[in-house]
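According to TrEMBL, the transmembrane segment annotation covers 15-34, 46-68, 74-92. If you look up TrEMBL, you'll see 246-279, 280-313, 314-347, 350-383 marked as repeat 'TPR'.
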Amino acid sequence: MGCVPLIRNILDYRIIFVLSFYLYGLFFIISIATKKSNYSIKRIELLAVSLMVIPFLPAANIVYPVGFVIAERILYIPSAGYCLLITIGLYKMKKKYNYYFKQVEVYFTCIICILALKSWRRSYDWQNEYQLYTNALNICPLNAKVHYNVAKVADAKYHADWALAEYKEAIRLYPEYYQAMNNLANLLKNQKKYKEAEHYLRISLHYKNDFPAAWMNLGIVLAHTGRYNDSQIAYKTALRYRKYYPDCFYNLGNLYLELNKTNLALENWFHAINLNPKHVSAWTNLLALLDNTGQIDKALQIIPKALEELPETPLIHFAIANIYGKIDEYNKAEKYFLKAINLFQNRVQAIHYANLGVLYHRWKKYDLATQMYQMALKIDSKFPSALKNLRNLERLKNKSN
């Protein structure tokens, strides 16, 4: 992935080191095979070499490309072989040069201390992904995978501009990096830059046509730009390559809702939930649509299942509260509204207080309704339903006075 530039020319001076390595390996094997040394030492030498070479082969990019340079996790066992070889070397030096060995011991101890300090320092980079990947960026600035990982971390920390720049750099370094293109398109889609997002998704699919995530994201972009037939084709293509894809069924349901095909929307959301019973968005949309289309009985039937799968999800409690509010189950509705607001904590929005205010309004608990509308207006001073209902309440109070 570009971290170590490949040798592409026989005149590249680095080829000397490669040849030296293979020559060393050849001489080492010859020495083990021909020298009349202690049999037990030979066995340990063979064990050391085997520990170094065999566990490393799957990650050596020889059998198949693995995409990373020398990851620490695949060096644990080879490191044991290396340490064993060093120990054998020290043992032989002690036997042959016993007089000078005290000096060697001092130097060797110093090296061990330095490497131990480096290892201790490196452990701090592994505390979290952010430190690990940004540190790798300093070491391997030409590695596309490193830039890709940094972009993912930046996106998780809501640094969208930084993430965009890192994804673009990853693609510049590796123009066929279809995963980076898909993630970049996702970021652009969230910023409503649909044309640019579509451009990257189509290039991604050019390099990997059976990439279901890119087909699904293309479907979302096409739906946002009003090309519903093309969007439907993209979703169905994604499902052809990945049959069990709850997110795609969820988005296809959203498309059918946009086309006013409510039964197909419900069917696809049910598919999503069957594949992933903890799909919050599918549950929320399903409950809301059943509520809005007057299918209250069906909604009441699935509420226990929704609560069983997602007992601490505020959106589910909020949707359930709205359903109970519509059928005048005021106590149950209040319970779920309060639970939802409590679970939302600092993410609570004006609509949550406003809807609870409507419940109290209909319940004729006017003081509590007023409080809720005022709470909604604290969050959003221009929230229309709260402003309108608060005025209606004031008029009602004036009439009664």
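Cβ coordinates are placed from backbone N, Cα and C, and glycine is handled just like the others.
Model, not experiment: these values are computed from the prediction.
Using DSSP to sort the residues of the repeat 'TPR' (350-383) gives these counts of helix, strand and coil: 27 helix, 0 strand, 7 coil. Secondary structure counts, DSSP: the repeat 'TPR' (280-313) has 27 helix, 0 strand, 7 coil.
In the repeat 'TPR' (246-279), the DSSP tally of helix, strand and coil residues is 27 helix, 0 strand, 7 coil.
Secondary structure by DSSP for the repeat 'TPR' (314-347): 31 helix, 0 strand, 3 coil.
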